[in-house]
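In what follows, a single structure is set out as structure tokens and then discussed.
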Amino acid sequence: MAFRATPGRTPPGPGPRSGIPSASFPSPQPPMAGPGGIEEEDEEEPAEIHLCVLWSSGYLGIAYYDTSDSTIHFMPDAPDHESLKLLQRVLDEINPQSVVTSAKQDEAMTRFLGKLASEEHREPKGPEIILLPSVDFGPEISKQRLLSGNYSFISDSMTATEKILFLSSIIPFDCVLTVRALGGLLKFLSRRRIGVELEDYDVGVPILGFKKFVLTHLVSIDQDTYSVLQIFKSESHPSVYKVASGLKEGLSLFGILNRCRCKWGQKLLRLWFTRPTRELRELNSRLDVIQFFLMPQNLDMAQMLHRLLSHIKNVPLILKRMKLSHTKVSDWQVLYKTVYSALGLRDACRSLPQSIQLFQDIAQEFSDDLHHIASLIGKVVDFEESLAENRFTVLPNIDPDIDAKKRRLIGLPSFLTEVAQKELENLDSRIPSCSVIYIPLIGFLLSIPRLPFMVEASDFEIEGLDFMFLSEDKLHYRSARTKELDTLLGDLHCEIRDQETLLMYQLQCQVLARASVLTRVLDLASRLDVLLALASAARDYGYSRPHYSPCIHGVRIRNGRHPLMELCARTFVPNSTDCGGDQGRVKVITGPNSSGKSIYLKQVGLITFMALVGSFVPAEEAEIGVIDAIFTRIHSCESISLGLSTFMIDLNQVAKAVNNATEHSLVLIDEFGKGTNSVDGLALLAAVLRHWLALGPSCPHVFVATNFLSLVQLQLLPQGPLVQYLTMETCEDGEDLVFFYQLCQGVASASHASHTAAQAGLPDPLIARGKEVSDLIRSGKPIKATNELLRRNQMENCQALVDKFLKLDLEDPTLDLDIFISQEVLPAAPTIL
């Protein structure tokens, strides 16, 4: 049986009550040694892995439970083709005992599961397929199931809100398929009671943690990183009616590298971007092709291949229509052009060096079956006539019977004119004219114009004719001659159409029998299209080939550039990076605002990413070591639906890095801690960095850009070779601050916030007051409140008092200074002091 239903609940058996920790039971005495003096060790139960998977709209959600460590592992939503190659790699790597999924699945997933189910009776045995109702995988019910779970790693003292915040830092709730897979897995575990089959029913399946799962050959990058590095960026399309989603690719890395000529090339490039890899053989094979097309003597070949690739169309959709017998005339045209373009690609690649694997694959796998398909279509299909009649028609000399019927059909109008003249001779003299017409499916009819006296239905009756119907003031009849024509000629149009449809079906069978070749053509052609696009971008932007070295841990870049910023700026200052050893694993970068710190962080991340997808990079030289993940905390991706503050989102991003980063990970942090009190933010930043530094050689490669100069001044980080302090070089020219955008050793002396405020257009009095308060804080002096209006009134009162003094005539004998002071000066004192 291909699929099994989920078994019923296991009856509760004897066992400890829930809530009593295992440590509360007395430890059993060790067993006595046997006669041989050797103690028998308890055999460890074999680990079981139970996988839950969902596939929808080209994306895959995966979660599995490992009984060896009682941990649930999940993989964020990942794109996967209908062939489900990614799912197959997951199955090969984790080798699950069971695969849990929804009973309501797509056709591609159903075929894949059917194939898996057929392996259950083979050796080695395949996984058990378990189908659960689709309601168990609902998004909301799955989310509530996750949030309401009883987990031993969450303290009972946590409130419901704190629990939600904690779980949101571990589980990507924005990945809908992953959340649904996790919810379905929890439902399956509670039904099967994995590991607690013999315990009381109130004892739940132990879950000791949630961990992110990444295939060994892939590099882990979350959606926040894709967004802040501008690897992908969607924006509104100006002509919304032209595109289904209303979105187009904005200024992004994908946007500037996507020069693919066929749709499937664009899909493959996006797939490569979502799956950066560590397989050196695969990466070098991509770079070999790019390097070949960058040679000046191969430019013409690259342009010719690009032209051929523009004719490679959506073959799978055409094959699907053929299977459903819904083929259009345009499908035959598209398939014909695609196959002939594929033959052109094959002939071109056979003249290229066969030492490059892609050229060898195209030369060998684009077999003569393609020529057979193209020859069949070209010899059978009459494209000009098919477009005119909007249906499938065949060329002459394919079927003699069809040709004969078409000749008769062509000569039919003149023949019918002669028949109509004979019919008119036998009609009433009041009928001025008639015609014999042919209507498919009905046959030959005599058409007579309606006369004025023909009002009632009884007036339509004519002796010797059978009335059929009235249409557009013309009466249609069957006569003896039209009946004879039906017998002699038959329904020519329908017969021709039926015979041509039969030929089309036979041609479809010939094409479908070679569908695997066409699918392989699409795979290799799209791969060639992507590499030609990357080569074109590398040529135009001056990229160089990266080198991969498993010996170094990190990256080394000489004169690297930001691939997007250099296109927007008139001049761009390159900077180098060296984090390829055990020294300087944590780089603290200080400098004024707008000095280029954030651009440098993104530059390091983008160059590393480009190397991991097999692209040339914007640098003079780049050496990439072992990188397993890229984490970022650069920009807060806010959303009302998340229900989290900006600072909480920042903390979640840092928590992902702290919980998952290894010694092979790249972590980019920009201005962490600015979303809360400066003291608390500084303390959190220092605590995170000290946590990583305490790992020693296992510390990830961390780049931190910060304006917290106290981090250095207060020596909050331990001194040692793991920490390296860098700054963006600047120069003060009078009151102006000149940015050199050059990274150098050292620490910034000041933040120069007043200069940045002036650039932003703040009024000068505000900037002056800010500098005054800053100086008072540094010197430890009290800050007095100030009011510009009060100060202006004081000046006016002082001026008025001075004017009174100037008007005094000190030589006047009647002047009494005591009266002047008591009446004029002393009352004004409170207004001027």
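Cβ atoms here come from the backbone N, Cα and C positions, even for glycine.
Here is what Swiss-Prot says about this protein:
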REGION    1-45  region 'Disordered'
BINDING   Gly591, Pro592, Asn593, Ser594, Ser595, Gly596, Lys597, Ser598  ATP binding site
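Positions of Swiss-Prot features highlighted on the structure.
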| residue | record | Cβ contacts under 8 Å, 6 or more apart |
| --- | --- | --- |
| Gly591 | ATP binding site | Lys597, Ala705, Thr727, Met728, Thr730, Ala748 |
| Pro592 | ATP binding site | Met728, Thr730, Leu737, Phe739, Ala748, Ala750, Ser751, His752, Ala753, His755, Thr756 |
| Asn593 | ATP binding site | Asn707, Ser751, His752, Ala753, Thr756 |
| Ser594 | ATP binding site | Phe739, Thr756, Gln759 |
| Ser595 | ATP binding site | Met728, Thr730, Phe739, Tyr741 |
| Gly596 | ATP binding site | Val573, Met728, Phe739, Tyr741 |
| Ser598 | ATP binding site | Ile634, Asp670, Ala705 |
Reduced DSSP assignment, Ser598 (ATP binding site): helix
Shell list (ATP; ref centroid = CB of Gly591, Pro592, Asn593, Ser594, Ser595, Gly596, Lys597, Ser598; cutoff 8 A): Ala705, Met728, Phe739
CB contacts for Lys597 (ATP binding site) [other CB atoms within 10 A, all chains]: 26
Helix, strand or coil at Asn593 (ATP binding site) [DSSP, three-state]: coil
